[in-house]
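Feature annotations, reproduced from TrEMBL:
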TRANSMEM  B:20-42  transmembrane segment
DOMAIN    B:75-290  domain 'ABC transmembrane type-1'
TRANSMEM  B:78-100  transmembrane segment
TRANSMEM  B:112-132  transmembrane segment
TRANSMEM  B:163-186  transmembrane segment
TRANSMEM  B:207-232  transmembrane segment
TRANSMEM  B:267-290  transmembrane segment
Amino acid sequence: MGALAIKNVTKRFGDTHILKGIDINIDSGQFLILVGPSGCGKSTLMNIIAGLEAPTSGEVQIGDRVVNDVAPKDRDIAMVFQSYALYPTMNVRQNIAFGMETRGVPRKEQDETIARVAKMLQIDHLLDRKPGQLSGGQRQRVAMGRALARNPTLFLFDEPLSNLDAKLRVEMRTEIKQLHHRLKTTIVYVTHDQIEAMTLGDRIAVMKDGVIQQFGSPEEIYERPANLFVAGFIGSPSMNFIDCHLAEQDGAVGVSLQSEGGARFVSLPDGQRFAGHLGQKVILGVRPEQIEVAEEDEPALLCKVHLTEPTGPDTMIFTQINGKEVIARVHPRAAGRPGDSMRLKLDLGKVVLFDPQSEARLG
Amino acid sequence: MTQFNGPAQYGFAERWLPRLVLAPSFLLTLVFIYGFIAWNGYLSFTASRLLPNYEWVGLAQYETLFANERAWVAVKNLFIFGSLFIGGGMAMGILLAVFLDQKIRGEGVLRTIYLYPMALSFIVTGTAWKWMLNPGLGLEKLVHDWGFTSFTFDWLVNPDMSIYTVVIAGIWQSSGFVMALFLAGLRGIDDSIIKAAQIDGATLPRIYWRIVLPALRPVFFSTLMILAHIAIKSFDLVMALTGGGPGFSSDVPATFMYASAFTRGQMGVGAASAMMMLATVAAIVVPYLYSELRGSRHG
């Protein structure tokens, strides 16, 4: 069953086009991530789904109902905000109850619901406190409790973890995922953090300049990014982009890579799919973990280490290929020291090629 | 080891310079505010009439004051004026602020227009309203000239209603200021709180009544304090608008005090009434300051 369908939604303020024809379709129970840099329109899209802003054109459908003309309160949604948006003069219990009170839910049912969500989120002991007396993480829980009390068909999360410190953010991320597993309610989640997007989402819509750059599962987005922007935005450290010429040598299609140790031609597996671009400039996209340390007997690129960044489990090696700075993620024990030369190879099965003009992925 | 002597070298200047700089204003305040309060307090226990004299009469001047019908009219007027001025000014100001907060066009211009009366002195406000409310010159004459000759609006010259004209002028002057205070408060409220309440299903009046205005409690109290002391001290507005008249029907304590001390040759009664005003202001301000200071120490 479709839970949320957004059909050709646009939003304009005067001459500024915030959203330029957004199409999204997700099934019930899915976790949709809207991710992109600031100003990409993701929060506007969220507000349009919530009904807090009206689209200039297009249609929003929640469940099987077109909700363009339905007030936010009648859309059967609940929203969690980045700033938590707790009502400052009410205590936690009143905050959670306010929506039910407005909808005229009987007192007894209100109390039961409050008890249920408070237990679920472990905020029972905070019910009589005011928001000002709570820590950031506790406020976030209360905000989620307020949303849960609604028991909606659609949850909207607007950058809910951005105001938390790093450790708490990771904890709450896990909790939100567990909550989703338990409740199986459809969630739309806005974030600018690509790690949140990858870890939480069933479906990810990567947005930029009011356009969805790619819409797909986390694996698709990570392994087969639609264009340079998506490739560079998702993944940390970013994908390496190496300028090359696509050439043919001994019947194999490949590119020539130049490192400090000299130039070497590497052929791409299944290279014939790029045959149409032979002789053209292309951008080779390689994720840091797709650059590996070569075995003794394997052909390799001899690269000079410029800088290392140990992160604990991995060490980032900064080197140069084709005049571009390239980062390789290697095991700390295999990592050289700055100034050393290392024998590196690319995992050619996973690299991707982009057209430098259109910035779209080739093949 | 000279380099470690720094603090000791500068110690004298550092300790005395701030005191030296503050001393003149401190002295002036001490003499001309607290000194004169004390002198006035002393005068209120003397038999001073046209000029100060120092013949001690104990509480006699206070007895005269409390027996004086005119003083009680002034107190009653203060209650009428104070409560209506504070209540009305606050209600108008909040209403204007809420309307202006709806992201309307031309907000900057409207805000300036509403705030402008605050830039006028009470004398100007009083004089302007005196003309407007004068039956022979202003509103009543205008409506008469339109042909509605049965219309009367004679509050300014009606002893029962004259104090209410002061209320009208006072609200007109202060509501823009209240609006500015509340608008600043409203701007400090996180937008997403209002969005959250909308999704929770609350109507706009309910959002303001249950969530936004309660969150503005501190602004509410500051405004109350400011308006309350304006009300108690109000002198120039009454002088310009009604001069305390007709008769003494719109007297307030400040005009009563002025009349006693400087025009009717009863300086002792004037001093006693000034002390009563001081006590009233103190009764409002001291608990407020106490709670404010205690609050800041805790948080």
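For all residues, glycine too, the Cβ spot is worked out from N, Cα and C.
Of the two recorded stretches, the transmembrane segment (B:20-42) lies close to the transmembrane segment (B:267-290), with three or more CB pairs under 8 Å once pairs fewer than 6 apart in sequence are set aside. Same-chain residues lying 6 or more positions outside the transmembrane segment (B:78-100) and placing a CB less than 8 Å from one of its CB atoms are 107, 110-111, 114, 163-164, 166-167, 170-171, 174-183, 185-186, 208, 213, 220, 223-224, 227-228, 230-232, 234, 252-253. Under the criterion of 3 or more C-beta pairs below 8 Å, with sequence separation of 6 or more, the transmembrane segment (B:207-232) and the transmembrane segment (B:112-132) do not qualify as touching, having fewer than 3 such pairs.
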